[in-house]
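Structure first, commentary second.
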């Protein structure tokens, strides 16, 4: 009864906090300074620009939160910049505020589960770490998947750039053509770089921003080749063609390595999941026998040591089967 009461109290407290936060965000979004500033810009763009003499900024500024107060606080944190960079690289339409909210919600769920279903401290800690790390794992997984798609598109993009350069187009126009002709997500990155150049950003800086948004070694080689060619001269079309050939050969080699290491990766997954599977089976067959691990002091120490060894073994096995090409 006490566990249910405390769990209900925790969930009620979290619900009240979320309701207050939602009401505050709605009020600031509808009547705050940001809403007034947007309304003023819309009036300027609709015809009042000549009278007021104000200029509408065409530069995009990434916001970490809808609330100006929270946005200013987050901009002072280095961790918030890291999270925003990961969100930008993953292609998710999330803000830092939303990501932190998802992490906080996972923490509340973990604490509520601990109150509703009492469990050993080690299990509670592992459950909390698992739930809190789920948004981070989801973000990194989305980032990895997007970078892999871009990596597969790079040879085609380099060939497209080389053919367009041979046809006599300028590099700025070629970037626009890549942004319009190629599929997402690579085309969106080239469109962003082209828009930055049109807005007055130097081309070298726009290309540097492109390499920052897409942290791929092959793309950085392409950017370095373009920057060096702009400063020293040379046949850029031939350079891009050679880069495309190198990227294709490297992707072929990476595919062969992935096929040859498939058995090792499968073995790693089996070895990493086997302790948890056996723990679940033993809890179903003889729960009292397994409960010694979290009821006896020696069992608790064994559980901690086993957990640490499993994590270290998983990381070591992952490093062995992960071959960089």
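Placed from the backbone N, Cα and C atoms, the Cβ positions cover glycine too.
If you look up TrEMBL, you'll see 6-27, 99-116, 122-139, 266-286, 298-317 marked as transmembrane segment. For 158-283, the entry in TrEMBL reads domain 'Type II secretion system protein GspF'.
Long-range Cβ contacts of the transmembrane segment (122-139) within its own chain (Cβ-Cβ under 8 Å, at least 6 residues beyond either end) map to 86-87, 90, 92, 99, 102-103, 106-107, 109-111, 113-114, 294, 300, 303-304, 307. Residue counts of the domain 'Type II secretion system protein GspF' (158-283) by helix, strand and coil are 107 helix, 0 strand, 19 coil (DSSP-based). For the domain 'Type II secretion system protein GspF' (158-283), the mean pLDDT of the prediction comes to 86.
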